[in-house]
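A.B. asks: Structure in structure tokens, see below.
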Amino acid sequence: MWFLPAALPLLPLLLLLGQAPPSRPQSLGTMKLRLVGPGSGPEEGRLEVLHQGQWGTVCDDDFALQEATVACRQLGFEGALTWAHSAKYGSGEGPIWLDNVHCVGTESSLDQCGSNGWGVSDCTHSEDVGVVCNPQRHRGSVSERVSNALGPQDRRLEEVRLKPILASAKRQSPVTEGAVEVKYEGHWRQVCDQGWTRNNSRVVCGMLGFPSEAPVDSHHYRKVWDSKMKDPNSRLKSLTKKNSFWIHRVNCLGTEPHMANCQVQVAPAQGKLRPACPGGMHAVVSCVAGPRFRPPKAKPGRKESRAEEMKVRLRSGAQVGEGRVEVLMNRQWGTVCDHGWNLISASVVCRQLGFGSAREALFGAQLGQALGPIHLSEVRCRGYERTLSDCPSLEGSQNGCQHDNDAAVRCNIPNMGFQDQVRLAGGRSPEEGVVEVQVEVNGVQRWGAVCSDHWGLSEAMVACRQLGLGFASHAIKDTWYWQGTPGAREVVMSGVHCSGTELALQQCQRHGPVHCSHGTGRFSAGVSCTDSAPDLVMNAQLVQETAYLEDRPLSLLYCAHEENCLSQSADRMDWPYGHRRLLRFSSQIHNLGRADFRPKMGRHGWIWHQCHRHYHSIEVFTHYDLLTLNGSKVAEGHKASFCLEDTNCPTGMQRRYACANFGEQGVTVGCWDTYRHDIDCQWVDITDVGPGDYIFQVVVNPKFEVAESDFSNNMMRCRCKYDGQRVWLHNCHTGDSYRANTELSQEQEQRLRNNLI
């Protein structure tokens with residue numbers, strides 16, 4: 001980050017926020033810290049603490065940016081850029097001294113923060129936390145002057161908001177224009193407009209979830225201000241005479257992700273002897289909302305091409321504006337390595353996508369891993385760039401990045417007020433219950449229930465997102481065991497149908513007049529939310545490498561016929577004479593999410609399959625289809641049901657799920673379930689299909705029976721050439737790995753190279 005040099009006459013009264021309270025000398029605390037491990041510089045590494053003469057580690061449970069900020073300041077840096085969980089910088093040795101550390105963010109030492117106590121932990125060294133500090137260090141003389149002048153070390157800017165002044169601004173949602181108010185030491189203050197710049201406005205807008213700022217009609221606002229100052233009964237007039245009403249001066253470069261990183265002068269240089277903001281008024285800011293948050297018929301801030309919008313995207317985030325960062329290069333989507341990843345680069349991504357600045361820059365695949373290429377590493381944005389492609393970077397393959405280094409972001413988004421229009425009632429925890437919404441009924445805002453007709457996982461996902469509770473683990477249609485809020489049990493919303501991308505249930509399609517076939521009561525919609533979810537992805541390359549044709553005798557297909565794994569024409573054959581032509585392949589399904597994939601049904605619902613000699617826990621886990629080029633189905637796999645297990649896991653990770661002996665079923669995070677090409681029903685029966693060009697398609701979790709953090713990567717497609725005797729699969733890829741308008745041309749090129757046309 002970059003800071004303007006402080007003017008020496010103002011040093012006693014400057015608050016350099018974001019570098020936060022200046023660090024005190026190490027001797028003032030009883031705790032010593034160090035950073036160790038394979039970091040790229042002295043500002044990052046595994047965090048270790050010296051206690052009772054022995055170095056130990058800190059567990060990553062509940063560790064977040066405010067804890068990292070305290071640690072970095074204690075180490076002499078200006079603040080933290082981010083932190084790393086799961087022993088990114090290697091597992092430590094010795095004791096785990098601290099667990100569940102909780103800081104406000106203003107402390108000068110970690111020993112001033114809450115925790116379980118010295119050595120009280122249920123963690124292992126695989127959970128050792130690391131930090132990445134701002135490489136800029138404190139300058140001793142400046143730190144001492146600021147520290148001595150400010151006294152208590154807990155002064156900081158906490159929040160920023162816009163107070164709408166004009167009637168037109170008050171009617172908008174979100175509020176995009178108004179006077180800047182800053183929460184400082186627990187109280188809201190207004191900011192003097194003297195010296196206020198567009199750079200300051202840009203930072204404020206970014207914090208509020210807006211990608212850019214717009215010019216303000218200062219002359220009009222000045223007239224409004226002067227009229228209030230002339231009113232002898234104006235409360236504002238008396239308040240402005242108090243220095244405690246003002247933040248005297250703000251100076252930002254415009255690249256900062258938070259006003260806490262700007263220079264802020266709380267009071268004038270002469271303190272109480274000189275009034276703050278003499279002759280000035282409150283600073284007014286106008287922000288430009290991103291496309292998803294603009295009011296109807298609002299004009300865009302600038303012309304945005306579809307190509308520009310689609311060069312970066314976020315995946316696997318629970319909330320809008322968060323996710324794993326993926327960029328489009330060479331017509332293929334790939335990830336960004338977290339080496340050198342920080343808040344400034346993350347903010348460029350957020351603004352490019354129409355959000356505000358970055359609230360958090362995450363690394364270590366904290367929001368899940370991807371398959372496919374890693375396009376970028378060592379991204380070094382300055383903060384001025386319009387797109388991530390404008391920033392200096394290296395190729396991801398140049399410095400040993402793996403997908404456990406996938407970078408992610410959490411962006412600031414505007415407050416739309418949607419979270420106040422939904423609530424859960426009657427559940428055993430705050431994360432579950434009957435869904436109650438606030439809607440307008442006959443001109444009056446009322447709370448009521450949602451009809452569970454057609455209520456599914458997509459709708460539940462939107463509800464959990466609106467509540468700020470992450471993903472939906474279950475969409476519940478029968479809620480008789482949960483008592484709703486008295487007076488809110490009547491159904492006020494029915495026919496809800498969501499695509500899954502909406503910000504709120506109120507944005508989904510629904511009935512005009514309420515029509516609920518079940519009425520009220522036990523059939524109100526409910527949800528159970530969770531902060532993490534699995535993410536299943538098919539290994540497309542393995543499908544392409546293992547596909548082949550087999551003419552299998554009917555005498556070997558009795559079990560498969562019994563399980564309905566053959567096309568209907570097999571029923572009319574003279575068993576056991578003849579054969580079926582099968583397109584066989586192996587499928588390997590990876591769980592790249594942050595939670596285990598578990599079957600929806602409990603053990604009581606599992607089905608014993610005599611042919612396979614084990615239980616199947618899920619009715620439809622994947623669909624296998626052969627399609628014409630226009631999408632019509634010509635053949636399909638008929639695998640009746642599936643057993644879920646950890647076929648393989650990465651080195652050092654133990655398999656947890658197995659089909660044998662009525663074992664627990666599922667797919668562990670990081671592991672994969674493999675269905676070999678030579679097992680029963682692992683095929684598509686193409687006996688009745690003629691030669692031609694086709695699309696081979698596999699869809700995982702096709703009915704959305706189990707929640708995932710990302711459903712867009714559940715489809716795998718290949719181009720298929722069948723000449724009546726041989727089959728070729730080529731250009732196999734997950735459904736979202738290529739940009740749509742380049743997919744066809746790439747397939748054409750591949751076929752030309754393979755001499756298939």
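Keep in mind that glycine also has a Cβ here, set from the backbone N, Cα and C atoms.
Per Swiss-Prot, Cu cation binding site is recorded for His612, His614, His616, and the stated evidence type is sequence analysis. Marked as domain 'SRCR 1' by Swiss-Prot on the basis of sequence analysis: 33-134. According to Swiss-Prot, the feature domain 'SRCR 2' maps to 160-288, an assignment based on sequence analysis. Feature annotation from Swiss-Prot assigns domain 'SRCR 3' to 312-412; the stated evidence is sequence analysis. Here Swiss-Prot flags 422-530 as domain 'SRCR 4', drawing on sequence analysis. What Swiss-Prot records for Tyr675 is 2',4',5'-topaquinone, and it gives similarity to another entry as the kind of evidence. Among the features that Swiss-Prot reports, signal peptide is placed at 1-25, with the record citing sequence analysis.
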A.B. asks: On the 0 to 100 scale, where does the mean pLDDT of the domain 'SRCR 1' (33-134) fall?
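C.D. replies: The answer is 86, the mean pLDDT of the model over that range.
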A.B. asks: Sort the residues of the domain 'SRCR 1' (33-134) into helix, strand and coil with DSSP and give the three counts.
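C.D. replies: Counting residues by DSSP class gives 16 helix, 34 strand, 52 coil.
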A.B. asks: Check each residue in the chain of Tyr675 (2',4',5'-topaquinone) that is at least six apart in sequence and keep those whose C-beta is under 8 Å from its C-beta; list them in sequence order.
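C.D. replies: When sequence neighbours closer than 6 are ignored, Tyr675 (2',4',5'-topaquinone) has Ser586, Ser587, Gln588, Ile589, Phe642, Gln682 within Cβ distance under 8 Å.
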A.B. asks: DSSP secondary structure for Tyr675 (2',4',5'-topaquinone), reduced to helix/strand/coil, please.
C.D. replies: strand
